[in-house]
Each structure stands twice: as C-alpha cells, then as structure tokens.
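Engineer: Just passing along the structure, written as structure tokens.
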C-alpha cells in the first residue's frame, strides 16, 4: 500500500452514518474486559498508543482475526484534517490480508476489534503509522488518522498448518457440528487448475460419500472435517494434497490433471449424517438419519419403545416391529432383552431419532443360525436395523429428587445389582451398585435421621461392587472400594476380608496378612477369614520356596560364572606371558645380529 492515500474532496466516511442509527444499535466491541464503546467515545487499544473512536455500531458479535481477508473503506488524514488517501476515490473498497504487512501494522490491530458494518476513527502515533517515511502529503514522524468502515471479511484457515490447504470461508455454516471420518456427507464442488480448466465437478444436487473414503483427492476429507453444515468455501490446494507428481488421467469427460498441479476447489458442505461408533471397535455403527428431540438419551437401564425394520446385508428383511398395526417393541436397555448391538445403540438414542444401525456378528446373532419372524439369519451375519426411538422413560437425575426418592432409588438399584450378581452378570451388577451410590452421595443434603441409612447403603454398595471386581479380576478397583469402606468403618470385616483377597491376587502378601490380622481382632472365629489365612500361608510358603530356588540358582550361576572368569583370566595371563617371552626372544636375536662384529 502506498504511503500517499488520496481522498475525494469533501468526502468523509462519517457522513454515511444513518440518522436512525439508534433504531438498530448493537453493543460496541469490548477491549480488555472494559465496557463496550459508545458512539462518540474514544479509547486506547491495549496500551499501544493506538486510539479508537466509535462512530457507528456494527452488527453481531464476530470480529476478524489475523490471517483473514478484510474489505474496508477508509479515509486517511493528518491531525489537521488534510486528506492523503481514500478508497472511495478509487471507486471500490480495499481488500487485504490482516497481519501480512499489506497495510499499516497499527491499523491491523484496530481492525481486528471491528464488527461488520462498524465505522470507527483510529488515531495512529507515528511509530505505528509511517514513521520517518514521508511523502508529498505526509511529513515524517507524523501522527495520522484513518476513518474506517468495515465492509466484510473472509475467514482464512490453514487447514494442515503447512500452507498445503488454504480454506477461505465464503459463507458460514450452521451450528457447530463438523463431520468426522465415519460420517456420510453430501457435498457440491468444482475443481479447477490455476489456468481455469475445470477438472472435476459434481451434479447440481451434489455427491454423497463417507469422509474416510477420501473422495476425489486427499485435500477434500481434510477440509470437510473443518466445515459446518451449509458452509461454502474456496480451497487452494497444493499438489501434495491433490494428485502430486503422478497427476491424473482424463476422467469422466474432464481433462487430465498435470503433474504437480495446484487446484482451486469451490466446495460446499450441503449436509451430513453423523455416524457413531457405538461400541468403540467399529462393530456397531449408528448413522443418524433424523435428529431426535432435546439433549437426553435413553441411557442404560431405561425402559424404551422402538420400531424397526431389520435386514441382512443383501436386503432380506427378517424382522419388523411397530409397523402395519403392530405395536412398537418395548424393553429395558442393558437387560439383554434384545441383541447386544441393538441394545447398546438404543441406549444412545434421543426421542424421535431415526438411525440405521449396522451390527457385526459379535454384537448380533453370533455364529449360530437364528430363526426370526420373516426370515432366517445365517451364522456370522452382519445385520442392519433402521430404528426409530418412539419414546423412553427418562429416569430422574439425583438433583431432581427429594431425599426420600433418592434413598428409594438407591435401594432399588442395589437390589437390581444383587439380582444380576446372582445371575453371574458381574459387569452389569457393578454398574448398578455404582449408580446406587450416585443417589446417596455424602453431599450434606440428608438429615441426621437419614444419615445412618444412607451410610449403610453406600457401604453395602461399595462392598458388593468390590465383590464384582474380584469376580472380574479387577483387583486394584476392589482394593480402592474396600478402602473407601474402611475409611468410614475401620473395623468392617467384609472390607478387610475382600481387600486381603485382592492383595493376595496382586502378590502383596504382607498387606494381605495385615488385613487378616485386623479382621481376626474384630472376629477371631470368622471361618472365611480363617480359610483365607490358610490360603495366604500356602501362597507365602510357595513364594518362599520359589525365591529360595531362584536365589540358589542365581548364586550357582554366579559361582560358575566366577570360576569361568577366573579360569579365563589364568589362560589370558598365560597367553600374555608367552607373548612377552616371544617378544623378548625376538628382540634378543635382533640385538645379537646387530651386535655382530663381523659381516659378510
């Protein structure tokens, strides 16, 4: 940008301020948590010496960032009002990239505080303006002013942080959700080489594909994952994210893409269907066709009502529920009333949600044949359910309940856990005990008459949960749960007994013995404690024998190694001695020959 900025005579940007500004005014920008500027108010920005005076409010709350392309109208003047440049003289607003030395650095810092449509007057000290540089109309070391109307800006994003894919946002998208690798997207795009040749173009309605499939070129999925629904962008794609050195042959009526070509891609994300990895191993995938209501999902242990159509991969329908006068299927999640994949997916759904759930055999019907209402499901089949969550009974959260309800719910969860434990469903039982404790946490809300009952419930659930952990070989968690009990009941024999068991399993025999001794102090005749004590003694004895054998073998090896080393040293000494004698003998021969008084 030149140091001389001409301005149309008599033109002042402040003249464009609407007479009815007060009808649609919005709060001004905030600076360092200070109150928003009012029209006519002036304030220094960030202690830089740059001053900003608000002349007209902007719209919305968004402001640009360094790296964005901004479009402004400006009028540059000296402090006495003499004009030296104006974009209006040139007949069009000025567009430049913030923070790239295309404009005055000081003014960059002012513009990043502006909102679209805002008009402000900036006063720049000489060190933020032109400094010692002077021109025909600007003296050296001169403070200057710019009256700026912020017309618009384009957000510029370096997608891969290496300049390989530059994204310019032409139209912002809706909401904050962005696609992930698993999601199915519909996009519309046109790709061109730098000479303007169109090398790829989608139909008017766009094209549908999964992000992970890397449609067209590597740049496309990388850019799409940064976009929101409805977002429209321009991409500048360097060759390493396009078709590289190989280029691309002519394709579908479009010309070839030469080697190392840079591409310009006009891209719009029309919509996408989120795909959720329900089980975390890609074996139950849920593609959301229609979003449900609100933010609550069914969760585990919730009574739900669903309707669905179930198919094999070849499209054969083997089951339908909730259609043609048939009632929806009702069941409680996490109770094994339906196949695991459908159960787990239903627990993630909102009311009114419609999804396609693809279930691998491990979470479906397994390796056995399953006869269903409309067809047989062959062994090892992947099955596909189109499911709608008709309704579910949302369980009250603890904070929504009074104390009586909390205690009642905790007792119910505990009993559910006990039933599951007896059925050897230890993982599910553990979840119930953990959930029960959530309702009777020590938060001070319970009265004195309730504290005793609440404490007993917590202790009972912790102990039962610990028993589940022992069955599941989760010994460290069992130790932690028993320790919680002993923090409030240091003499609890069950907690000491179960913690001793866990310590034995982790080979911490000294700690196990300490817990057993404490248990004996409380209940000297406890049969279970006596039994575990006997087992501990056996384990300690076996451990001692192993240790003794280990050390014996270790010392034997050390002795053997020592003997070998000693023998080796002796051999090495003998060899060294022989070498020394040989060397000395050779030297003597040489001396004798050299010392001979007569030569041939």
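Glycine too: its Cβ is placed from the backbone N, Cα and C atoms.
The model shown is predicted, which means the values in this text are computed figures rather than measured ones.
The annotation compositional bias 'Polar residues' is assigned in TrEMBL to 1-15. The feature region 'Disordered' is assigned by TrEMBL to 1-44. According to TrEMBL, the compositional bias 'Acidic residues' annotation covers 17-32. Annotated domain 'PPIase FKBP-type' per TrEMBL: 67-154, 182-273, 301-393, in sequence order. The repeat 'TPR' feature in TrEMBL is assigned to 493-526.
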Engineer: Could you tell me how many residues in the domain 'PPIase FKBP-type' (67-154) are helical, how many are strand and how many are coil under DSSP?
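Structural biologist: Taking the domain 'PPIase FKBP-type' (67-154) as a whole: 10 helix, 35 strand, 43 coil.
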Engineer: Grab the same-chain neighbours of the repeat 'TPR' (493-526) for me: Cβ-Cβ under 8 Å, and only residues 6 or more beyond its ends, written as numbers and ranges.
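Structural biologist: Sequence-remote neighbours of the repeat 'TPR' (493-526) are 462-463, 466-467, 469-470, 473, 475-476, 478-479, 482-483, 485-486, 532-533, 535-536, 539-540, 543.
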Engineer: Mean pLDDT across the repeat 'TPR' (493-526), rounded to an integer, is what?
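Structural biologist: Summing pLDDT over the repeat 'TPR' (493-526) and dividing by its length gives 94.
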